[in-house]
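Enquirer: Attaching a single structure in structure tokens format; questions to follow.
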Amino acid sequence: QDAFVAFHVDKVLVSKYLKPLQIGELAPDQPSIEPTKNEMLVKDFRELRATVERMGLLEPNQLFFFLLLAHILLLDAAAWLILFCFGTSLLPFVFSLLLLTISQVQASWLQHDLGHLSVFRKTKWNHLLHKFVMCHLIGASAKWWTLLHSQHHAKPNCFHKDPDIDMHPFLFTLGKKFSVELGIKKKKYMPYNHQHKYFFITLPPLLFPTYFHCHTFYIAYTKKYWADLAWMLTFYIRFFYTYGSLLETKTLNSLISLHRMLESSWFVWVSQMNHIPMDIDYDKNLDWVSTQLLATCNVEQSLFNDWFTGHLNFQIEHHLFPTMPRHNYCKVAPLVKSLCAKHGLEYQCKPLLTAFADIVHSLKTSGELWHDAYLHK
């Protein structure tokens, strides 16, 4: 199926794990595609995928990813060298904080590439460097990320199946349908009619310092990801040893807290601009292409946008071809647009600031719908 093909690089290897699960073949008179799926769209997308493979768009450019890693390591080293060379007064501290934040966010985009097996053609090399970047450079579990992010890609914006929208309804009410349902049921965990206001001081700055870092350790421990935990420990040893030799305890705690908050804000705005404003619903069991397009949108291309978002401004192409190296998204985008035009599917692409504003607008709309339904007698 399309999801299986999209996720796996070495299909021969993973097919071995599926053999014990095979029951048999479909009877000749049984349809191979369910009624909820668009058969012509499925056929055309598979032809598009074959074209993509022939064009070599699934082949990574090793130099591109080497330069990405090099600039991350240089920024990380520069953040420490500024404090070492210029002291720990306010100005050097601020510059060091900014460089450290940029390094960490860019590392999070690179680990995303590695987690999707798009940097090397050999899976084991992706996994090994993924542990280095995610565990050692960032301090989180690579397997934890893969577990959650694979679920997100399989069913984006599907309630109870996409962990990225688990914030509904405890912190926010998401999507028009769910907001009305929540209001009719008279459920209220937060003042949702004000969620577009408290969003600024909750999810963006606090996701990493609170939930993510607690959750990554919890999952790594409970699922016995011992290798990840060992790698993660090296991040904290390195960080507290290098910066602890220059900063007092109070200043050191401020540095790690502030950089996590800035990193979190950057990540949340970029990761949610493509999804929260889109359709959020229960799983409708649609075909692969329709499922991804309903839940994703793009942001206009520019050198800055590509760098700032880790090429997640091409979210549509990334969701359709999750193992594609990000430097090829711009090459496949015209083909995807043509496919959407042929089948009457909306291909949304917007300016970066508009995408950010749409997060707030969608939260405001959802909150208002909940409020109206909640007050309705």
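In case you wondered, yes, glycine gets a Cβ from its N, Cα and C as well.
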Enquirer: In TrEMBL, which of the ranges 66-87, 198-219 has the transmembrane segment annotation?
Expert: 198-219
Enquirer: Six or more residues beyond either end and a Cβ under 8 Å away: which residues meet both conditions relative to the transmembrane segment (225-244)?
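Expert: Here the qualifying positions are 80, 83, 131-132, 135-144, 216-217, 219, 252, 255-256.
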